[in-house]
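Database features (TrEMBL):
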{"type": "BINDING", "residues": "Cys179, Cys181, His203, Cys206", "note": "Zn(2+) 1 binding site"}
{"type": "DOMAIN", "residues": "176-225", "note": "domain 'PHD-type'"}
{"type": "REGION", "residues": "105-150", "note": "region 'Disordered'"}
{"type": "SITE", "residues": "Tyr178", "note": "site 'Histone H3K4me3 binding'"}
{"type": "SITE", "residues": "Met189", "note": "site 'Histone H3K4me3 binding'"}
{"type": "SITE", "residues": "Asp193", "note": "site 'Histone H3K4me3 binding'"}
{"type": "SITE", "residues": "Trp201", "note": "site 'Histone H3K4me3 binding'"}
Amino acid sequence: VAGIENLPCELQRNFQLMRELDQRTEDKKAEIDGLAAEYVESVKNMLPEERVEHLKKIQSAYSKCKEYSDDKVQLAMQTYEMVDKHIRRLDADLARFEADLKDKLEGSDFENPGSRSLKKGRSQKDKRGSRGRGRRASEEDTPKKKKLKGGSEFADTILSVHPSDVLDMPVDPNEPTYCLCHQVSYGEMIGCDNPDCPIEWFHFACVDLTTKPKGKWFCPRCVQERKKKK
């Protein structure tokens, strides 16, 4: 998959091609109007062979116009799929980034010797100064909490977003849905190797996967259909 930095150039190229196809379509429509007006004006004086020839020109122009329109639709669908593929890739990268960041922050809290020694050195003072405030006060004085509040607000914000929370974000009503849950694409997804699968793409969690399996993979529905055929 191409990097996200190439996306603007690819989009600009596709939009330019769509504009050119649209202009060709408009030019061809103007040509059809001219041919139709000429036919209506001269039809009485034309021989049968000339009428047939003129009508063939109009029909050919209509066919070309339809061809340009079909190409424009295909290009628009290709552009949509291109953007959707990049969005899906970014969702997966974001989910991995959040998981790695959470593991690192949790590991630094429990394994950092300096954190334990600092906590031990202040324990006597905490006992005298926070008597009556209980567990809540001791939690607020830990090095981890101070670090997150003082210098890592971004990390705190990132960790507050779980990959599944993508479902709570505003969804474009035109965005396609996938999987058994009929939701939009997010996180890591896997494609069913059955070319006739009506769903095609599935979220890892919905099909009880944590990593991509080796070899071909079939969704639960296609597995049942294959068993019925046997």
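The chain as shown is numbered from 1 upward.
In case you wondered, yes, glycine gets a Cβ from its N, Cα and C as well.
The structure, with features from TrEMBL marked on it.
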{"residue": "Tyr178", "record": "site 'Histone H3K4me3 binding'", "Cβ within 10 Å": "19"}
{"residue": "Cys179", "record": "Zn(2+) 1 binding site", "Cβ within 10 Å": "21"}
{"residue": "Cys181", "record": "Zn(2+) 1 binding site", "Cβ within 10 Å": "12"}
{"residue": "Met189", "record": "site 'Histone H3K4me3 binding'", "Cβ within 10 Å": "20"}
{"residue": "Asp193", "record": "site 'Histone H3K4me3 binding'", "Cβ within 10 Å": "12"}
{"residue": "Trp201", "record": "site 'Histone H3K4me3 binding'", "Cβ within 10 Å": "16"}
{"residue": "His203", "record": "Zn(2+) 1 binding site", "Cβ within 10 Å": "23"}
{"residue": "Cys206", "record": "Zn(2+) 1 binding site", "Cβ within 10 Å": "16"}
Distance check against His203 (Zn(2+) 1 binding site) for the recorded sites Tyr178, Met189, Asp193, keeping those with Cα within 10 Å: Tyr178, Met189
Asp193 (site 'Histone H3K4me3 binding') and Cys179 (Zn(2+) 1 binding site), distance between Cα atoms, whole Å: 14
Integer Cα-Cα distance in angstrom, Asp193 (site 'Histone H3K4me3 binding') to Cys181 (Zn(2+) 1 binding site): 19
Predicted model, mean pLDDT over the domain 'PHD-type' (176-225): 88
Neighbours of Trp201 (site 'Histone H3K4me3 binding') among the recorded positions Tyr178, Cys181, Met189 (Cα to Cα, within 10 Å): Tyr178, Met189
Cα separation, Met189 (site 'Histone H3K4me3 binding') to Cys181 (Zn(2+) 1 binding site) (Å, whole number): 13
Listed in sequence order, residues not in Cys179, Cys181, His203, Cys206 with Cβ within 8 Å of the centre of the Zn(2+) 1 site Cβ atoms: Tyr178, Leu180, His182, Gln183, Phe202, Ala205, Val207
Helix, strand and coil totals (DSSP H, G, I; E, B; other) for the domain 'PHD-type' (176-225): 9 helix, 8 strand, 33 coil
Integer Cα-Cα distance in angstrom, Met189 (site 'Histone H3K4me3 binding') to Tyr178 (site 'Histone H3K4me3 binding'): 10
